[in-house]
Amino acid sequence: MLLARMNPQVQPENGGAGPGSEQPPRKRKEVLVVKERNGVQCLLASRDGDEQPRETWGKKIDFLLSVVGFAVDLANVWRFPYLCYKNGGGAFLIPYTLFLIIAGMPLFYMELALGQYNREGAATVWKICPFFKGVGYAVILIALYVGFYYNVIIAWSLYYLFSSFTPTLPWTDCGHAWNSPNCTDPKLLNSSVLGNHTKYSKYKFTPAAEFYERGVLHLHESSGIHDIGLPQWQLLLCLIIVVIVLFFSLWKGVKTSGKVVWITATLPYLVLFVLLVHGITLPGASNGINAYLHIDFYRLKEATVWIDAATQIFFSLGAGFGVLIAFASYNKFDNNCYRDALLTSTINCVTSFISGFAIFSILGYMAHEHKVNIEDVATEGAGLVFILYPEAISTLSGSTFWAIVFFIMLLALGIDSSMGGMEAVITGLADDFQVLKRHRKLFTFAVSFGTFLLALFCITKGGIYVLTLLDTFAAGTSILFAVLMEAIGVSWFYGVDRFSNDIQQMMGFKPGLYWRLCWKFVSPAFLLFVVIVSIINFKPLTYDDYIFPLWANWVGWGIAGSSMVLVPAYIVYKFFSTRGSIRERLAYGITPASEHHLVAQRDIRQFQLQHWLAI
């Protein structure tokens, strides 16, 4: 492939004419051109002559591992298996796979192509439709919110890992300083009581449950979100270590993060395989796996099954956080992002499915040991990985080894996902503000330190309430809304046909009709459906038996609204900050920056019916 450099006279972004345009001093532009095998020359990048060229991944595998590492996170382990079990087992795979094909993969593909072609972060990528730049700011803010509490979950895993380096795991028995007088060894409990009155997984007084809630969280010392107390020094130290690891993984950009993921993205698969092989040899494991895979097609008649499948496929793939756009922006221009989208999204979903075998083999073992039904031990979320699984491990031969291995896996799953979220923030803002790009290391430190400071609220004695609030509202309806606007902005305002031409310039072929129809109709409809359902199904926030006060719910909606409001707010700002008539302001707002000179010539594609009908 031939790489050539040219230095033509490039027109300013606003075209230099018309009432809505500005005329900044002309700068020399450097255009990189790739000459493909068929002789067609494609634009690789355009930048000011005094700017540094955009870095790229050291190797293609660095990019793939980064995407897989981000998408495959803790939810693959603690949420999907339980959803599959409670929604008809194998039958749940039907709506899950359907939504993967018609919505998950198309959105995944769209974000990779968008970032790779424009070589920009989540905010500046909207030079394709300036009015929608607020969408970029919204997803950056959401990614920042997630960083506030996600790092705390990683810190919990690190604390558990340190606690595992003992001959006897601290959650094996009672008698520790954190245990209550009610602490009871589960082996001594009456199984009929567990089976008839409460789920085993919700039983509060087992050593594992008390270690988590009293030894780690110190939840018993808080009466609610209004009484969170001070940060706990043990978790504070763990959080500091996590933030330091994240900082040094990101401070030099993808050159360093691309190497870290060789460990963090591959290690979980090795550990998962080891846990699976050992798990299926345990007594009762087959019962757990049978419960996981049982097929109940009648459950497909229930709307909740389809809703769970839709929301899980969306959040599992991680579209909308600006991460995929940021990662793809460091690809080579002619990289085959179509193949990457299919490969990485498939790996993510297959991982979710396989992890269910490792989880339910252990749950079957737990049910067998305590002579209860599978439904009495099956659960999701933090209770699964910080109570049930550790308790099961404590009963195994060589429990210390298995605990260390398991929590190393959780650490790896969390670290690379958190790296992705922070990279979205750093790349998104650094591309928008050149001063931040010139001082990337300092900016990376500022982002890391900022997330650390806000995370302090989540490691207090009532921190779990703050974490639950953020987890529910920071990236719930708001991220669904942001991706809906992203899909509309790309498919309708920028245009599916133009977007397809961009992809053809990169890879030499246009997306098929199937992808174009999904982008324009199916994916937006899917997202609209999920947004509406998330609002309709909203219930006042709770944590176990604790009901959050009304004001806490309003604070949560304020957090959600703070990101969503950026979308219309930026449209209003852009409209009133642009000079010209109403028609001209609208035209400049929905026309790609590179075509603003056409607006001055009144050649406005978006004002023609053909633009909106094109596929």
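For all residues, glycine too, the Cβ spot is worked out from N, Cα and C.
For the Na(+) 2 site, Swiss-Prot lists ALA71, ASN76, SER316; matching the candidates ASN118, ASN287, ASN348 against that entry yields ASN348.
The dopamine 1 site recorded in Swiss-Prot comprises ASP73, ALA143 together with one of PHE314, PHE315, PHE327, namely PHE315. Checking the candidates GLU213, GLU221, GLU369, GLU380 against Swiss-Prot: the one annotated together with TYR85, LYS86 at the (R)-noradrenaline 2 site is GLU380.
Membrane topology taken from Swiss-Prot puts VAL125 and LEU429 on a shared side. It is 401-426 that, among the stretches 61-86, 134-164, 401-426, 464-490, 547-567, forms the most Cβ pairs under 8 Å with the transmembrane segment (256-280).
Using a Cβ-Cβ cut-off under 8 Å and counting only residues 6 or more beyond its ends in the same chain, the transmembrane segment (401-426) has close neighbours at 66, 69-74, 76-77, 121-122, 139-140, 143-144, 146-147, 150-151, 153-154, 157-158, 160-161, 164-165, 169, 242, 245-246, 249-250, 254, 257, 260-261, 263-265, 267-268, 271-272, 274-275, 278, 318, 321-323, 325-327, 385, 389-390, 393-394, 440, 443-444, 447-448, 451. Taking residue pairs at least 6 apart in sequence, the transmembrane segment (134-164) and the transmembrane segment (464-490) share three or more C-beta contacts under 8 angstroms. Of all Cβ atoms in the protein chains displayed, 26 besides its own lie within 10 Å of the Cβ of ASP73 ((R)-noradrenaline 1 binding site). For PHE315 ((R)-noradrenaline 1 binding site), the spatially nearest entry among the recorded positions ASN182, CYS183, ASN348, GLU380 is ASN348, judged by CA separation. The record assigns ASP73, ALA143, GLY147, PHE315 to the (R)-noradrenaline 1 site; their largest pairwise CA distance measures 16 Å. Among the recorded positions ASP73, GLY147, CYS174, ASN182, GLU380, the ones whose Cα sits within 10 Å of the Cα of ASN348 (Na(+) 2 binding site) are ASP73.
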